[in-house]
Amino acid sequence: MVSTVIKKSPKALGTVQIMIGGVIFFFGIVLKNAVNGVTVDSRVTYWGSFCFIGSGALSIISVDLYNPSVVKAALVMDVMSVVAAVVAVIVFSIDLAPTSLRATFCRPCFYELSMYYCQLHLKEILGTIRVLLVFILLEVFVSIMMFVLTWKTRNSPETMSLTNSRPINSPPEENPNSP
């Protein structure tokens with residue numbers, strides 16, 4: 001039972017991390033073309049998503065190819081993903097503050113119709129940032145879960161037996177009955 005959890009959970013959580021990283025990356029492209037704010041200026045959607053994708057990929061690799069250096073790299077990337085996600089939460093919260101985008105985005109003008117379209121566009125941008133904030137919060141929890149799971153299983157007897165069951169570069173065993 002424990003060995004199936006050890007083998008299945010990191011793969012599933014790693015896949016979730018890769019998917020969240022991809023979604024955040026593409027939402028970052030949309031935001032870059034729509035608004036200038038702290039989120040766009042910090043480029044947190046780009047470097048954060050690369051951390052998430054790298055962490056997910058290393059988590060999947062650490063299950064398939066259990067190597068202590070790969071596991072250490074996965075742990076480091078999980079920590080970097082948590083830090084990147086917390087920074088992204090702070091940056092997105094700054095952009096969602098009542099005075100951040102609203103004060104600079106829609107300046108008062110004489111035409112009511114253009115002000116209406118400006119406020120409509122602002123609502124779309126703030127909605128996009130809220131969706132990104134939900135994904136980032138999910139990424140915080142997934143990264144923490146991956147770190148805890150990898151940390152607990154790095155020296156467990158089942159994973160040690162997985163690594164000691166067959167050496168990587170061992171020659172094939174010879175059959176004494178073969179010619």
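Backbone N, Cα and C define each Cβ position, glycine as well.
A TrEMBL annotation is a machine prediction, not a hand-curated record.
Sequence annotations record features per position, and here TrEMBL assigns compositional bias 'Pro residues' to 169-179.
For 158-179, the entry in TrEMBL reads region 'Disordered'.
Per TrEMBL, transmembrane segment is recorded for 12-31 (among others).
Residues annotated as transmembrane segment in TrEMBL: 46-66 (among others). Within its own chain, the transmembrane segment (46-66) has Cβ neighbours under 8 Å at 6-7, 10-11, 13-18, 20-22, 24-25, 28, 73-74, 77-78, 80-81, 84-85, 87-88, 136, 139, 143, 146, 150, 159, 162-163, counting only residues six or more beyond its boundaries.
Annotation comment: TrEMBL describes 73-94 (among others) as transmembrane segment. Taking Cβ pairs closer than 8 Å, the transmembrane segment (73-94) reaches residues 17, 24, 38-39, 42, 44-45, 47-48, 51-52, 54-55, 58-59, 61-62, 100, 129, 132-133, 136-137, 139-140, 143-144, 146-147, 150-151, 154 in its own chain, all 6 or more past its ends.
Here TrEMBL flags 129-151 (among others) as transmembrane segment.
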